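Q: Residues or ranges marked as transmembrane segment in TrEMBL: A:28-52, A:64-87, A:108-133, A:145-167, A:174-194, A:242-261.
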Ligand SMILES: Nc1ncnc2c1ncn2[C@@H]1O[C@H](COP(=O)(O)OP(=O)(O)OP(=O)(O)O)[C@@H](O)[C@H]1O
Ligand SMILES: [Mg+2]
């Protein structure tokens, strides 16, 4: 079998293995969906009135919110990638894989792909939740599909970062927190939950250039969801070219972290 | 690979050859110049206490770790220059069973088969065959989570054999098993050897190396301290042990005098059990002579025995500490 073919079949096999792992532990899915549903309800009903503006239309805010929550949820799924690798390392499964004549890249690609299968399931549940609180897709079906693909691509990119973190973590405990901690600034210093223009000074600049902001803005746009009336529209190159910027940064993240993670995998020792 | 391809090791029928392996972790020299060689189709027992460097040797030979110095060849492939060639020829069962607990036994083996490049039907068939061979067919469709330690170990070993490798590496295959599990595992390994595979087996149990290995390499603190067959190692500490138990405490000095006159070492005495022991190199002749002299001195002998040294004795003689004792801080 040629090299590329072997990478794809091996990745497929590893993806199957990881998806089977989730199927045998449905409670993981429960955790992965309950958390974001909780988030939707919190933001929509607890903060919604305040952020939506005085007497603001919290229905509009909820519609604005959904793309941000979707993106945040799948971004957080990269922590499953981290924990997955940390566990496989601890259990000696990575040693077994490394002693096989299989593609090195496939072990990581199979994991990052399987984690997007998880993301798909979660997105489905969340879409239903969104529809229940009044969110609607206002654009075309094609645009909506592109919107979903946008966040999946971004989540896939983050998953490679997660793979690297998982492979450098010294223990499952370390991996647990290392996989989550960076998610908070990444997803909160952004346009996911608040008016982008409301963020002060440096935070505003970070939010403007945060690839996560771009992914959220692009998705929001593709869903045809507007910001609540009266919010200042963000400006600047990343805001004007959100989709392009989001895709470029996703590709860049993969281009950086795929080689890093693969190089780490080659050397990593179990335990 | 088919069974008939077995034994295609390097030239001159050597399946595994390592020279001058050195590996340091910070200031710990885990391996300090290890050489070993396994003729095709033979079993080498790598014997050593905790921290001796067994796993480090295994990891280098299975391409999981690069040595700082030295070279190694497995089934004719250099571990550094052609690691994929090595991986195609070996099966590894690591020190801790690498079993995916969420998959069934069958799925675990199917997974490994597919990753070796087998087609789906072939991988399935091989998985079933191995489950039968390792008496896991009944549990085969249950998640491995519920398996006992012995079952996990067997499943892990089955995983190492999926591609019928010509060289099989087993890192402490029986550690943590109960006596029953250990005997089952020995039988499995003996069957494996009967099919002609070359086996590198690490163990802390002298008894295990004695039973399974054609030759033994003893390592301690990263260095080879002895090598040879079990018999050769036993011979290294010289002859046999003659021991006897006398009836009365007062007879011990006489017994010591007699035994030292026929033996080659100083006698060791255990006052409490009234046991006296000495090394001899003439075997039964020394025994007969000793009994004659003791009779002449009117010493009543309650029990007498002549036995070959155990590998534990060898270990004690070679390292100054028992195999399972903590290594004294040096
Ligand atoms: N990753 C590592 N980092 C630091 N030191 C290590 C590492 N791996 C092994 N060592 C050290 O190298 C030495 C040899 O370890 P190794 O695991 O090869 O021993 P072993 O003979 O397999 O012991 P055991 O019977 O406990 O499995 C030990 O002193 C160990 O502490
Ligand atoms: Mg070990």
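Each residue, glycine too, has its Cβ placed from N, Cα and C.
I'd like these features described in context: how deep, what's nearby, how far apart.
A: Taking Cβ pairs closer than 8 Å, the transmembrane segment (A:28-52) reaches residues 22, 58, 60-62, 65-66, 69, 72-73, 76-77, 80, 118, 121-122, 125-126, 129-130, 133, 193-195, 228 in its own chain, all 6 or more past its ends.
Residues 18, 21, 28, 32, 35-36, 39-40, 43-44, 48, 93-94, 111-112, 115, 118-119, 122-123, 126-127, 130, 135, 147, 151-152, 154-155, 158-159, 161-163, 165-167, 169, 171-172, 174-176, 178-180, 183, 186-187, 190-193, 212, 215-216, 219-220, 223, 225-228 of the same chain, all 6+ positions outside the transmembrane segment (A:64-87), place their C-beta atoms under 8 angstroms from a C-beta of that stretch.
Distant neighbours of the transmembrane segment (A:242-261): 105, 108, 150, 153-154, 156-158, 160-161, 163-164, 167, 211, 213-215, 217-218, 221-222; these residues of the same chain sit at least 6 beyond its ends, with a Cβ under 8 Å from one of its Cβ atoms.
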